[in-house]
Amino acid sequence: MVGTATRSAGDGAPRFLAYPRAITVQSGTDAVLSCQITGDPQPSILWEKDKTPIKPSGRFHVEAKGDLYSLLVSHATPQDSGLYICKAKNSVGETYAAATLKVEAGEPQEEERCSSSEAPSFLVAPSSTRVCRGEDVMFTCRVSGQPCPVLEWEKDGHKLSDLFETSHFAVGQEPEDWHFLKLFGARPPDGGVYVCRARSGSREALAAAVLLVESRALLDGVPGAKAFAVTVGKHAKFRCYVTGKPKPEIVWQKDGEPLAPGRRHLVYEDREGYFILKVLYCKPQDQGLYVCTASNTAGQTLSAVQLQVKEHRLRFQVQLADVEVAEREDAVLECQVPLETIPTAWYLEDRELQPSHKYVMEERGVVRRLTIRDARTDDDGIYLCQMKDKGRSIAEVSVRGMIVKRLPRKLDVMEGENAVFCVETREAAEGTCWSRDGLQLRESLRTVLKSFGRTHLLVLVHVTRQDAGIISFTVGESQTSSQLRVKCVKRDPPSTPVAAEMSVAESNAALLAWCPAPDAHLRPPSRYLLERREAAEGEWVQCLATDLPSRVRVLGDSVPREADYCFRVCAANEHGRSSPVEFPGSVHLGEGAPLGSQLSPEPARMLCHGTLLVGATGAQSSCAPAPAARLERGLQDVRVRDGEDARFSLELSAVVNGTWFLDGTRLGEEEEACGRCSMRHRGMEHSLLIRGARVADSGAQVTFVSGEVRDSATLHVQVPEAERLREVPAGLPVLLECHVSPPGALVRWLKDGEAVPLDDVIAVQAEGCVRRLLLRSAGPLDTGMYTCDAGDDAVSFVVTVTGEIVSSNEELSRPVALVRWYKDGEEVEADKSLVLEQEGPRHRLVLPCARGELPGGIVSSNEEAPHTYVAGQRVELWCQLSRPAAPVRWYKDGEEVEADKSLVLEQEGPRHRLVLPCARPQDTGEFVCNTGDVSVSYHISVAEPPVRILHPAQRSLELLVQVPGRVELRCELSVLDAPVRWFKDGLEVDETDNLLLLAEGPWRCLVIPRSSAEDAGEYICESKDEAVSFDVKVSGWWGPRAGRLGEGDWLLRGDEASGCPPAGSPSTGAHLGLTGGASPGPHCLCVALHNSHAILAEPPVRILQPRRPLPDLVLEVHLSHAHREVKWYKDGEKLQDTGHVRLEEDGAHRSLVVLGATGRDAGEYLCDTGDDSIVFFVTVEGELEGTHPLEVLEGDSVTLVARLSPETAAVQWQKDGQMLHSGGRLLVCSEGPARSLTIKQAELGDSGVFLCNGQPLTRCMGRAEAQVLFMRKLRDVVAEEQGDACLEVEVSHEAAEVQWLKQGILLQPGSKYQLQESGCQRTLTIRCLGPADRGTYRCETLHDRTQAKLCVEPRKVSIQTPLADVETFEKETATFHLELSHPGVPGVWTRDGIRVKPSSTCRISTMGCGHSLTLEGLSLEDSGTVTFTADTLRCSARLLVREPPVTMVKVPRDLGVPETGVASFECELSRPSAEVKWFKDGQELRPGPNCRIYSAGRRRILQLSRCEMADAGIYTCDAVDCRASAMLHVQGTATQLLGVREGDNAVFTCEASHGDVKGEWFRDGEKIKVSSTVKIRQEGTRHFLLLCGVRPEDAGLIRFAAGVAASEASLQVEVLPIRIVKPLRDKTVLARHKATLECTVSHARGRVRWLRGDTEIFAGDKYEICNLDCYRTLIIHRVGPEDEDSYTCDAFDDRSTARLLVEGEGAPGGGHHWGLAVPPCLAAEGHRGPVPTPHCLQRSERWGGGSSLDMGPGVCAPLVWDTPFGCPTSSEDVAALPDTHCPRRELGATMHTDGRRCWDMGTWFPRDVRTPIPACSGLRALH
């Protein structure tokens, strides 16, 4: 975990901050493996693939940016798939991580669907769910599509493998196209949006679901904390970076208490992988200790930060307090500033508030007050009062309403991500509504609406820019909104084209060719731009634009003059251009053309071989390329036998060239001539023929590429049938052989579906691409089906072993005993095929020629192949049997089929075929091939042929029409009777008098006999599969006189003058009627010239003349156009038409009227037209505010306000001449110049004239009856036919009366219409709806009205409870029942296609929506399919009638046998024909060498020979209807041998027969106890012993004892070789001293011997040998010249040699003297000669050789010029010397020299004078 405030790099050994992730890419694209590594020092990085180091070259590039390291594999191929390892190493340590790269073959990049394809779609989408922590979660969905869709699951935009370990989730598929995703033990981080992608070819579909995981327990713990400070009112953001897999669970705590997300606490994970806690608008109480806890199954880690909140030095005297109010109440926030003169501002979070009717801001001295009127859910939030550039005060306003948790005010989402909105309500609520920009959102695959009790979710999957807007959630009268902003993803231009080549073989012409970039499918170009320029100089000029990469021939007459030209090409799309690539070289063009001539443009033309020819086009010419081809009929997988030819073909929509690839290798013209591959191109069909396909070619990928068209198929080569059906005599060997690709592929050999056991008889061989299975001596038990499984493909062999089989070799005790033989419970008789023999007590049953047959032998079939066809195609279904003579029956939808002209049944040996020569749509269904024992089913789908639009060829046309000409749009279809739909500007058109829709054979026409300006627009003709658009532009003669339009001219509006065009209509130079010099009026259009075309546009709306405000506060403006709207604003807030404010229109006049204006209406008013605006400043000066009559409802309160000047003037209130005083219902207030009189709960007697200081203020009139308004208005209703519809409103008073009307007609209560009243609620119920009930319904009161539309849809009958399969026994009763959505729906019951009629054994009943079928007295023949059909519904179920259940007369008993003994279990059944299965501990048993399963009459026997300890357990005999079990105990003392290497771990496992058995472990008779290196544990019946880091002394006999049972194994420890870790080093010593040679071995137990030369040395007076831990030391005492030699330490597995040199008297080279006498201290030790060379002066590799001795700062002594070693250079080096060489290190004197004299202890002496050194201090200090 990385700290919060700063992120520090890890020191020491390298470690991964981010691991490389497993990725899957398409072939030909780039693959990037990246990771983040830290370490000190910086580690070196090495990449490996499959344990082979990768060298950066060619397609492999290694990059390093800081601590980010990447491996780039360019243009990845399937051979690049494998395991990639990143190793990081430095001087401290090393680490590594692995990731898998998978490169898949590219999918077809086709724009159009092939004729046999079907876009994927979700039949059943996954459902959202909410679970508790630890529960399992399963998402299921059902998908259809052809080819079979491939599903991928994502979470929050990430692959599941990137977030979870593989053991945490499972993805799988079930029958009938059901798919599932299962999460085990859900954790809170698992919550999110799960998206299921279904891909089929180049198309995909999406479905999403939401998972909520409720957390239970939180983690505790506080680590060391860092300090972090913020200012009051600022945000505090904590970032925590955590790595680990599975993805860690994050918990935030403050002062030990968990933090939950709320108004001021945001918890989320950002796009960079950081876990974020954001504390908004910090308060002083927010300071404390914040802890981030991360945990997963591998452990947990913590990080803590101490937050300090600093207050501004100028603080509020009284802070704001949090406020909680009910919805629709007023909320008041109040605080006090230090000084009255300090200005303040109010904020709602980051939005500054302005004074308005909603927000009332007051300042009274130091008091600052904000009143929020009519608080709603969106007013819930954080409010701030801020002193300018000074402190802040913060409070939270909670609005209690139906909505507890509101939406965020805005949400920013990147394009393509998921947008999630969550709302919580006070209680579970119905009738919730989500909307975007006022339009209700409905459930779809990209819109998930889900409610979990009080939690309501909206998820927009993969948002686009069109999804942006205001998202609102409404429940009852509560509403909350959020602004969704979608940020666009940056789009990149296409990559640069490659393989640019120019051929100049032809004179005065150039042939240019190029290919698209390898990643063109990721960033596809829309066109290629070819440019040229003169080679000498000049600018690049575009000369060609084409949609497809191709070859272009540029002719000499296409250039403006003769010169040498260069060419380049680039790719472009709507996001920009790529970098251009220049064709190599130049070409001379323009021979014979006059210099400077300008040729007339001529478009490019397409040659027959697909080359674009650029003709004389001039410098700026461009040509139209060939139309883009699309795939009409795609490639299909081909299956051939070994040696046969394989042919691949496809068909395009245009004649273009293409390229074939075989396993990624391009097939060129050289293969076409002499290779095995032959390519043909005839018209729009391309084919590839592979001659003599071999088994090694199986699995080869064949790809065709032409421009943007790309399609692939696979070649399957099968082994000949003759080789796959083997019949061999018993005793002979059998060799099964197959070829695989690639050579390194792994295979598994299976026999009858189980792995083949390898022993002395069966062997497996692998050689190159060949895989073999050898049976050295075949026996009858070897008969069966053998399969070689390579994972993606498999091949099977059927082996039949024949020969004489003797059934038993048992002898009887009495020769004359009577013997009878039985087969399957029936006595057998002797004949030619069965011989019964007797020799004394031995009886034999002999089968002279036995044949083993497989039960139900279907070897292979094309069941897995996609069986989706188009009408007219050939359908072939086949299956391969193990026996050619086996009977086969074919069924369709449960009925047996018969051969006729439309269905052919064929047989060739063991292969059976069903062929439909010309498939029809009615052939859709399930076909079954049944052999009696097994069957295989094929799901056939035959679709109608696609409806193509043959004419026009273009998909978009532009049509110019002259008014009032005839408009005729025509389309030719490929299917005669195919329907089409016509649209205009996106809306479907209906036939009218002036718009005709015609059908003439394959032609579909839209005809407008007489066109007008309104007919202009985009018309679309849409068939089932294609569409074509017509852009119709209408022009004509407008106006009374002719003249040509000029810039800025004005034209009469078309809606006011006959013949004028509508605004925005183009005019291509036609003469138009003009107004002449008249100034523009309200019915004029302005003419603007653009590219020689006249565009008619509305003139800007100007305010011609403002009028002064009238005394009654009436603001009026005069517009230039009467038809335009205006908007009025007061103080920045938009005004609406209410009772107090009225917005009026009168021609070009717009008025704002404020009724009963008071001082509150003073302010800034703005009138805005969009093109112009005007501002009015309104003030109410020192006069009484109200002088008009004032109407008040009885019971309401009213306030009368007057403003006086001066402010200190006294005031007296009078009513009808009576003085009024404050008290009771009257309240008199004074504030500044304002004086107010408030009358609470007004009564009728309060009416009268009120005076203020004798001046009339207002006439107050009471009114007893209040207006009746609608509090909840009508909403549109959609209901089904024959159902009921309910329309509801809510009025303001319970006694209010309403009227219901339909289409303006008053509705009367009756059987059809029911009117109900309940409190303020009024309801209209319409019974038994019909089509005539559609329309607009209105509810009215005297003062208000509301209306809504009722839409009646046809009744949709659906199945609520489907039929269920029924399984019963003979003579029993079966009942089938289903529930429909509507009662009274008739239906028909059928069984196996035959209608069922009531009889004595069959009852049919109907009750309400339920339908039942009861069948009595069932027999086995009654099994079949029962179907119920009603209207268009069909539901089926399976009836299975079985024989009565089998019971066990005699059950098996428990057995105990010794090891290698024989155990037999026997049971007896109630029926001799019943089949049983034997199981051991839940695993099914198969017959084998030591396991025999047989039956005798009603007895079933299991015999186990040579029992082992592993055979102990529970054996079960399962007869389907009953089962019985028995226990087998095996006692034995078999000893096994376990060999391990020294230092490894040894694991012993023993499995007991019972799980509750306690056992003990022994080694050589001694009980083994648990320790740090010994671990003992038990899992159920299994017992484990773990010995960590075994040593040789651990070898011995390991024994496990559990009661009387015991098992033994022998442990042998292989001793590791002894290595010399630190070798000997050469040594130089003084004569008569001791020499020490030392080395280090790898293990303390290592034994060595010492050699001098080749002679072994033994310990004695001369030599001392020491062994301490891993150190091996040889000490040579009293060294003399004769001891000079090579010494060797021999560790037997390794050795080290060093040279010993002796210096001193008589020693070689020993004439060196220091010029110093022997000091007394050394003389006492026995020194006689010169002072020995100190060890510190010896030359060493560490210090390097030197010729001087540093005796102190700045002083260097040339003492050791000829000494064999250097000297220490620092005191640290001296301190590091071994004590053995420094007997006087404790002496601290120093020696200095200047080359001639030495300084020691304050005395200088010449070097050549042998002067005794006092106390020997100088030499000792050198040590």
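Even glycines carry a Cβ here, placed using N, Cα and C.
From a predicted model like this one, the values you see are computed outputs, not experimental measurements.
Features as listed in TrEMBL:
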- 14-102: domain 'Ig-like' (DOMAIN)
- 120-207: domain 'Ig-like' (DOMAIN)
- 223-303: domain 'Ig-like' (DOMAIN)
- 493-592: domain 'Fibronectin type-III' (DOMAIN)
- 720-802: domain 'Ig-like' (DOMAIN)
- 855-941: domain 'Ig-like' (DOMAIN)
- 945-1035: domain 'Ig-like' (DOMAIN)
- 1125-1167: domain 'Ig-like' (DOMAIN)
- 1194-1252: domain 'Ig-like' (DOMAIN)
- 1286-1358: domain 'Ig-like' (DOMAIN)
- 1444-1535: domain 'Ig-like' (DOMAIN)
- 1617-1691: domain 'Ig-like' (DOMAIN)
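In the predicted structure, the domain 'Ig-like' (720-802) carries a mean pLDDT of 79.
At the 8 Å Cβ threshold, with sequence separation of at least 6, the domain 'Ig-like' (1444-1535) comes into contact with the domain 'Ig-like' (720-802) through 3 or more pairs. Taking residue pairs at least 6 apart in sequence, the domain 'Fibronectin type-III' (493-592) and the domain 'Ig-like' (720-802) share fewer than three C-beta contacts under 8 angstroms.
Contact count against the domain 'Ig-like' (14-102) (Cβ pairs under 8 Å) is highest for 493-592, out of 120-207, 223-303, 493-592, 855-941, 945-1035. Taking H, G and I as helix, E and B as strand and the rest as coil, DSSP gives the domain 'Ig-like' (720-802) the counts 7 helix, 44 strand, 32 coil. Secondary structure counts, DSSP: the domain 'Ig-like' (1286-1358) has 3 helix, 39 strand, 31 coil. Taken residue by residue, the domain 'Ig-like' (14-102) breaks down under DSSP into 3 helix, 57 strand, 29 coil. Counting C-beta pairs under 8 angstroms (sequence separation of 6 or more), the domain 'Ig-like' (120-207) reaches the domain 'Ig-like' (855-941) with 3 or more such pairs.
When the domain 'Ig-like' (1125-1167) is classified with DSSP, helix, strand and coil residues number 3 helix, 23 strand, 17 coil. DSSP places the residues of the domain 'Ig-like' (1617-1691) in helix, strand and coil in these numbers: 3 helix, 39 strand, 33 coil. Residue counts of the domain 'Fibronectin type-III' (493-592) by helix, strand and coil are 3 helix, 50 strand, 47 coil (DSSP-based).
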